[in-house]
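Below is one structure, written out as C-alpha cells; the observations come after it.
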C-alpha cells in the first residue's frame, strides 16, 4: 500500500487499490483490539463490516477504472451482448423477447442479453451490499445495547440469525454480480491479471465471513465451547493469521510496478533529435515513402510522497 502511495501516478485506478489494500491492516488491527479487550468485539465487528462493504465497492470501481470508466464499460458490455447473441438470434426467434424486455429475471436466466442493463444491475448489486452491510451493522449495535442481539446464537428471539440471513442474501447477490461482471470483461482485464485479484479479494471478504458463520454453527451444536468469548476470540485469531498471509499475497497480486514506469509519450516532453537521426530518406527530387519503426520507451515516473498521496486521496478524491 505504501508503495502505491509512493508511486501514485494513476489516481483513477490507484485510489481504489489503496482502499482495497487498506482492508488488510484494518482487519488485523480490529482483530488485535478485539483479542486484547473482548468487550469491544461487537464494536470491532461493526467497524469491520462497514469497511468490508466499502472495500467491495472499491474493488468494483477499480475494475471499472481499469476498463476506462463507466462509459467504456457500458460500450464493452453492449458489444459483448451483441457478440454472444449473434448466433442464437439466427437459430431461435424467441430470444428477441429477451432483448425487448430486459429485467432482473433475465439477469439470472439470460444474463448475456442485458448489455447496459447488466452494468446497472451489477452496480446496484454492489451498492445494495454496501448499504445493507452498514445498516445491519448499526442495527446489531443497537440490539446489543438492549441485550437482544445474541451474537452467535441461533435462537428466534435474538436478532443475530435474522441479520445473518440478510447478510447471506446480500453477500451472495453481490458475489454473483462480481462473477458475472468478471465473466463478461475478463478478456479486456487480462493486462491486470484479474483472476488472481478476484481470488485474493473474495478470499478475504467472503471466506472470512463464512468462517465466522462456521465457527458460530460449531459453537451452537456443541462441537466448540461457548463459554466466554471463545467464538469471537477464535475468529479474531484466525483473521490475524490470514491477514499476514494476505499481506504477502497482495505484494504480488496488487504490485505497484505497472504504475512506477510510464511511456515516454506520457511524460509530455520528448526530444525528437535521436528520432530524426534514425530516419533516413533519400532526397533526389522524388517523393519516396519512409518506413519508420515506432519504439515505445518506458521511463521511471516521478514519485510522490506518501503524505501528498494520502492528502490527494482524502481531500482531492484521488485526482491530481
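Cβ coordinates come from backbone N, Cα and C, glycine included.
Listed in TrEMBL:
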TRANSMEM  16-36  transmembrane segment
TRANSMEM  130-150  transmembrane segment
TRANSMEM  162-182  transmembrane segment
TRANSMEM  203-224  transmembrane segment
TRANSMEM  236-254  transmembrane segment
Tertiary contacts of the transmembrane segment (236-254) (same chain, 6+ residues out, Cβ under 8 Å): 4, 17, 20-21, 24-25, 27-28, 31-32, 34-35, 41, 44, 193, 196-197, 200, 203-204, 208, 211
Residues of the parent chain within Cβ reach of the transmembrane segment (130-150), under 8 Å, 6 or more residues beyond its termini: 42-43, 45-46, 49-50, 52-54, 56-57, 157-160, 163, 166-167, 170
